[in-house]
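The GTP 1 binding site annotation in Swiss-Prot covers 8-15, 55-59, 116-119. Taken from Swiss-Prot, the feature GTP 2 binding site covers 203-210, 250-254, 314-317, and the record attributes it to sequence analysis. What Swiss-Prot lists as domain 'EngA-type G 1' is 2-164. Summarising the annotation, Swiss-Prot assigns domain 'EngA-type G 2' to 197-369. If you look up Swiss-Prot, you'll see 370-454 marked as domain 'KH-like', on the strength of sequence analysis.
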Amino acid sequence: MQSIILIGKPNVGKSSLFNRLARKRIAITSDISGTTRDTNKIEVQIDGKKALLIDSGGLDESNELFKNVKANSLKAAKNSDIIFYMVDGKFLPDDEDKAFFYEMKKLNKPIALVINKIDNKKDEERSWEFSNFGVKEVFNISVTHNIGIDELCMWASKFLNENFLDADDEEDFESYLENFDENSGDFKLKTINENHIKVGIIGRVNVGKSSLLNALVKEERSVVSDIAGTTIDPVNESIMHKDKIIEFVDTAGIRKRGKIQGLERYALNRTEYALTNAQIALLVLDAAEGFNELDERIAGLAAKHCLGVIIVLNKWDKSELDFDKTLKELKLDRFKFLAYAPVISVSALSGKRVHVLLDKILEVFANFTQKIPTAKLNALVEEATRAHPLPHDYGKLVKIYYAVQYDLAPPKIALIMNRPKALHFSYKRYLQNQIRKQFNFEGVPLIIVSRKKGSKDEQEG
């Protein structure tokens, strides 16, 4: 697919134009210079033609971090087909802007000079100052007021192939409704794309999430720096691994409460958004620095969203911890609510054991989407209740008529009972353990609900 890159100095409106063309808020926008530090990508439709739109980090050399951002942006421009070079029409052009623009022209690609923030006649007069850039394709636009954008898109359309969007290309996100048929005793399972796995990368600031993403995709996709909070936007990247598409979302670092301000607060919300759209969470911990309460709170996000979970001990090569003791601490103490999660030690910077993590993602996804045959499930429940009978409810007999798995990702099991409210949480935990012993649900939450026969009302646990 052909690509269009938005490039220019910080705070010229690249992310605002990106959001406008994407028709939704994806990139974080702010008056603070340098808000976008990574490249965001999304498929868009330009005059009925498919294109990959890329929002790059600002071109700036004021410090080491922004030099890295600039290098990433220039690399993305070299791999793009069309360049929108954006400038701020509220200011007169400077030599730095001109130098960056000429650097883009050397790539010999279709390039447009896009002068943003042209909101009135006075701004339009000022835009003539950019004529010395020596480019034919100049577009005065105002993203805020949606002026001039159609003309820009029509120009770009001339360089795009006639590859029209099909309705089948758009994913169907219709809400799923659980249907229980009393007569058949069957539930309607949601459809899962078994060849596309969505993975969220979570963890507190500077534990190595961006380095891990780069190691996983073998490309410097996210800007990596020792400066805490380098990544602001969630950065999506997809790879193929053993014939499966794995889509990663590198979420913004999560700061301690009380220190979250402005962009960080919005980025924290974006972390929640990323997990809402993920199936598996990689909980990244800093093995060299050790673990703290904030790690536990972040882990709770994965539990809250009922995702598959893999605990990743990053920087293990710099750690002096004993693996068995660390595993015991994680499973029995700090993260006992994620006792089902496998623990993988890696070094993101060196790439050591990253291949093990990729294989584990496939395994956990298979567990996340597996369906237990109803006959086998009922045989297991019958044996479990015989070995450990259900407690009576104030002298009344409590009975499970049958069990059925009614959903995937995560797996959910319904127990059809005469007195569903009488099922104690400890007995649910007992049944969960029995199911895990017989079926491989490593890395996956297992949800059990109790329902009265002939009713959709449930008691979940």
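Any Cβ shown, glycine's included, is placed from N, Cα and C.
Bear in mind that the values here come from a model prediction, so they are computed numbers and not experimental data.
Features as recorded by Swiss-Prot, highlighted on the structure.
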| residue | record | DSSP (3 states) |
| --- | --- | --- |
| GLY8 | GTP 1 binding site | strand |
| LYS14 | GTP 1 binding site | helix |
| SER56 | GTP 1 binding site | coil |
| ILE118 | GTP 1 binding site | coil |
| GLY203 | GTP 2 binding site | coil |
| LYS209 | GTP 2 binding site | helix |
| TRP316 | GTP 2 binding site | helix |
Listed binding-site residues (ASN11, SER56), ranked by Cβ neighbours within 10 Å, top entry: SER56
Averaged pLDDT score, the domain 'EngA-type G 1' (2-164): 80
Residues of the domain 'KH-like' (370-454) by DSSP state, where helix covers H, G and I: 31 helix, 22 strand, 32 coil
CB contacts for GLY8 (GTP 1 binding site) [other CB atoms within 10 A, all chains]: 26
Residue from GLY8, ASN11, LYS14, SER56, ILE118 whose C-alpha is spatially nearest that of LYS209 (GTP 2 binding site), among the binding-site residues: SER56
Distance, ASN206 (GTP 2 binding site) to SER56 (GTP 1 binding site) (CA atoms, angstrom): 22
Lowest local Cβ density among ILE118, GLY203, ASN206, TRP316, which the record lists as binding-site residues, within 10 Å: ASN206
